[in-house]
Amino acid sequence: MLSRVAQSLRSGSRVAAPIAGALRNSFTVVQEATPRLNRCELYVPGTQAKIIPKAAKSAADVVVMDLEDSVAIGEKEVARKNVIQALKEVDFGNKTVAVRINGLYSHHMYRDVVDIIEQAGERCDVFIIPMVGVDKDVYMADALVSQVETAVGRKKKLGFGLIIEATMGMMNVHEIAAASKRNESLHFGVADYSASTKSRTTNIGGPNKLYGVLTDKDGDKPRDFVWGDPWHYAMSRIVVAARANGLRPVDGPFGDIADPDGYRAQCNRGAALGMEGKWAIHPSQVAIANEVFSPGEAEVTQARRVLEAMEKAQREGLGAVSLDGKLVDIASIKQAEAIVKKAEAIAAM
């Protein structure tokens, strides 16, 4: 009903045909990716078979079993076997289950794809693909996955989460985001990205004490040094590319697991920019990400009031109304619908 209200107001008519799962921008309809809660993605090394069941019981929306960076070259086959066994035996409940496969640069990638699809059943929902540099990378992965799915008669189509973690990927991020109907999310891989840009840092995410400005001179008064966010541009570009193609933008790791306040600050900054969620590389980070990327009770209450006001306006043939002295229009209803929808999804977990 709520989407019908928005469309009716947009068209100026009483009833407009709904466009399920789509956003209208100008005359272009942007189809939303498969809807999933994505507040926190908990990464687990594929070599740590005993930890995977614990991750499955965590509060993370998404569990990502990793076959790439956290797995040494000599342990790739062991990790793959562990992940396949977990997909067959571990109860993940209603979580989204993903596997970060090896990148297209690696000969381990094709074996990850083939073995998981052929041997692990249908519990895997998403492949996380690292080091995506051009849209052809996605095309190649899509072709391989499609062939194997067809060969085994897989009923559930795998989605793709694409990690942008190098300058080439950032340069081509808009084409990458539109490269496949399997695409569901774009992720910011800050560590490899900082290496690719040759940034002067060895931290995984977070601020850089070198990146800032001095306040203007004022006589002999001391000047303040104000820190900036060196990752603002990269994150904003990923958010725009993702949202323009109906995908979920997801912020990557924060390496200092002993700094929960720092992690929370990074979550808040990501949420403010439009990120859907953030990676967790330690269980202690899960609750923080879930809290920050969940709408608060007051926010949900206000969103419901907005929708009620707009429904009333629709019944009365009005295009906009005032609520608490503030204009409520189509933009307001889009924001309110997103908040309420997310709150309902969280409540259903």
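Just so it is clear, glycine is given a Cβ too, placed from its N, Cα and C backbone atoms.
Residues or ranges marked as substrate binding site by TrEMBL: Arg100, Glu165. Annotation source TrEMBL lists Mg(2+) binding site at Glu165, Asp192. Look at TrEMBL and you will find 40-283 tagged as domain 'HpcH/HpaI aldolase/citrate lyase'.
A simple Cβ count within 10 Å picks out one of the binding-site residues Glu165, Asp192 as the most packed, and that one is Glu165. Across the fold, the C-alpha of Glu165 (substrate binding site) and the C-alpha of Asp192 (Mg(2+) binding site) stand 5 Å from each other. Averaged over the domain 'HpcH/HpaI aldolase/citrate lyase' (40-283), the predicted model reaches a pLDDT of 97.
For the pair Arg100 (substrate binding site) and Asp192 (Mg(2+) binding site), the C-alpha distance works out to 15 angstrom. Within 10 Å of the Cβ of Arg100 (substrate binding site) there are 28 other Cβ atoms, across all protein chains.
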